[in-house]
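Student: Below you'll find the structure I mean.
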């Protein structure tokens, strides 16, 4: 546990948290919406600090990040809690509980970095739950990781305030854009606009950005919803920004909703390509050609993927160009 960052003290021993757009006002002895920040005698503490509930070595493709050091392995970690209440959460067993009410292992930032060194991982991924709610642990670990020549990636719902994001030593982000404003209100108990602002700010800060949209049947799968996300990515983030359409599987409080039809995912991908996006993917469908990276100019297979295994085919890793036609590929290697 350590004192939280980005908060202010108020009268009557209350505090206001400024880590995310909720700006929770927290009374003494209580916690904020995310369960990770507690007011103890008028001081806000990150009570989930170091309570690591999940630690693994993952292919970076699993995040998913397809254009940021493809084929590499990263240390992936999580601490319990979230600042959303998504009805369809795929990781609800750790995200929808306080960090001290689920199994965890006490770890320090130094120990996380030592794991990365031991397993020759070039980077660390803050993922599985919502990293914003364990910001202090992510921040401290990121600083040490960067000092050791490693990169940091954040897999996030994008619900973070501007100043914390600016201060964070993060190199790449996969940001969920879950649907329209109504979807955020009804399904996530959150608002859309701050997520869009995070996407734009991350791009402006020079962070590598990829976007994921989990398509939930009858919730966010109509053409207007898809076009909204496609046009935002194209017009605000750039045609080169990878967009992942992922398949929903029944979980948590939406177990009565069927899996996303593969035809819907293919329709979304084709629509995005028609609207001008250069790199569009289908996720959670093992073996689908929509997992692969193709040259946006000649269509040559650049990176072949099966589940989370990636193999570079017709991509020149020195020049970042297609070996077939010479097209410059937007990728970090």
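From the backbone N, Cα and C atoms, a Cβ is placed for every residue, glycine too.
According to Swiss-Prot:
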- 67-274: domain 'Radical SAM core' (DOMAIN)
- 82, 86, 89: [4Fe-4S] cluster binding site (BINDING)
Student: For the recorded [4Fe-4S] cluster site formed by 82, 86, 89, name the remaining residues of the chain with Cβ within 8 Å of the site's Cβ center, in chain order.
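Tutor: Nearby residues not in the site list: 84, 85, 88, 91, 92, 95, 96, 130, 157, 188, 252.
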Student: Three states by DSSP: which one describes residue 89 ([4Fe-4S] cluster binding site)?
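Tutor: Looking at the DSSP assignment, residue 89 ([4Fe-4S] cluster binding site) belongs to neither helix nor strand, so coil.
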Student: Since the record lists 82, 86, 89 as binding-site residues, which of them has the fewest other Cβ atoms within 10 Å of its Cβ?
Tutor: 89
Student: Return the average pLDDT for the domain 'Radical SAM core' (67-274) as a whole number.
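Tutor: When the pLDDT values over the domain 'Radical SAM core' (67-274) are averaged, the result is 98.
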